[in-house]
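Peer 1: Pasting a structure below so you can have a look.
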Ligand code: HEC
Ligand code: HEC
Ligand code: HEC
């Protein structure tokens, strides 16, 4: 009789532990999904007097595989480039020259798929002004 009670208690404890682990796993999965917030698929970046710069964000993620080629210079948050420029932590055109144009030129030189390198191919004036 005593053995049965102890066995029942042990099984009960194992079940509780297993449920706790299962619970933890769901939380972990949710965290992973949250951590992989890839941001907007396409965006328009502020380009000053030259006009806005349409930027295919997810195409770059898929082609380059590494978030940090860009995000080492600015955080994964909307408007972070303009915020850092306003704080004087990024120079005007720094991202453009040190990242966008630099990489596109390097890829072009290497004969690989690349993006635009001329002003008007990146900067676009809005149709309505
Ligand atoms: C080729 C450059 C580049 C790469 C690579 C890149 N990003 Fe971004 N990302 C940007 C730019 C530019 C912005 C806009 C920043 C701004 O608004 O000032 C941005 C903004 C974001 C934002 C905030 C905007 C939003 O829509 O929520 C998130 C989140 C983000 N990126 C996640 C990622 C993740 C995750 C990866 C890797 C899988 C990645 N990015 C790779 C350039 C890049
Ligand atoms: C590959 C795309 C690309 C090309 C090519 C490009 N730009 Fe840009 N430009 C950007 C991006 C992205 C920004 C915003 C980020 C930054 O300021 O670094 C920007 C910002 C700017 C700004 C505004 C800076 C500010 O903060 O006021 C000016 C002006 C500008 N570019 C002029 C030019 C001129 C002139 C050329 C051609 C010689 C050129 N751009 C070519 C992408 C590009
Ligand atoms: C580390 C390299 C790298 C950086 C940094 C980078 N690009 Fe690109 N970009 C590429 C490559 C590679 C392609 C070609 C992608 C493809 O076709 O799969 C591309 C393509 C593009 C295209 C053309 C997309 C199309 O549909 O034809 C645009 C526009 C562009 N990039 C803008 C930008 C802007 C703006 C920035 C800076 C905010 C930037 N890129 C930063 C590598 C880079």
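Just so it is clear, glycine is given a Cβ too, placed from its N, Cα and C backbone atoms.
Pulled from TrEMBL, these are the listed features:
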| type | residues | note |
| --- | --- | --- |
| SIGNAL | 1-22 | signal peptide |
| DOMAIN | 54-124 | domain 'Cytochrome c7-like' |
| BINDING | 57, 60, 67, 70, 71, 100, 103, 104, 119, 122, 123 | heme c binding site |
| REGION | 106-129 | region 'Disordered' |
Peer 1: Take the Cβ of residue 57 (heme c binding site) and count every other Cβ within 10 Å, whichever protein chain it belongs to.
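Peer 2: I count 15 other Cβ atoms within 10 Å of it.
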Peer 1: Highest Cβ count within 10 Å among the binding-site residues 71, 123: which residue is it?
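Peer 2: Per the Cβ count within 10 Å, the most buried is 123.
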Peer 1: Output the one of 67, 103, 119 that, of all these binding-site residues, has the highest number of other Cβ atoms within 10 Å of its Cβ.
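Peer 2: Buried the deepest by this measure is 103.
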Peer 1: Among the binding-site residues 57, 67, 103, which have a Cβ atom lying under 6 Å from any atom of ligand 3?
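Peer 2: From 57, 67, 103, counting a Cβ under 6 Å from ligand 3 as near, the near ones are 103.
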Peer 1: List, by number or range, the same-chain residues at least 6 past the region 'Disordered' (106-129) whose CB is under 8 A from its CB atoms?
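Peer 2: Beyond its ends, the region 'Disordered' (106-129) has Cβ neighbours at 47, 50-54, 63, 96, 100.
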Peer 1: Could you tell me the maximum Cα-Cα distance in Å between the residues recorded as binding heme c, namely 57, 60, 67, 70, 71, 100, 103, 104, 119, 122, 123, rounded to a whole number?
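Peer 2: It comes out at 25 Å between the most distant Cα atoms.
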Peer 1: Please go through the binding-site residues 67, 103, 119 one by one and keep those whose C-beta falls under 6 A from any atom of ligand 1; give the result in sequence order.
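Peer 2: Only 67 qualify.
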Peer 1: Going through the binding-site residues 57, 67, 71, 103, 119 in sequence order, which have a CB under 6 Å from an atom of ligand 2?
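Peer 2: The ones that qualify, in sequence order, are 119.
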Peer 1: Taking DSSP as the reference, which of helix, strand or coil describes residue 119 (heme c binding site)?
Peer 2: helix
Peer 1: Taking every residue in the domain 'Cytochrome c7-like' (54-124), what is their average pLDDT?
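Peer 2: The average pLDDT of the model in the domain 'Cytochrome c7-like' (54-124) works out to 98.
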Peer 1: Helix, strand, coil residue numbers for the domain 'Cytochrome c7-like' (54-124) per DSSP?
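Peer 2: In the domain 'Cytochrome c7-like' (54-124), the DSSP-based counts are 39 helix, 4 strand, 28 coil.
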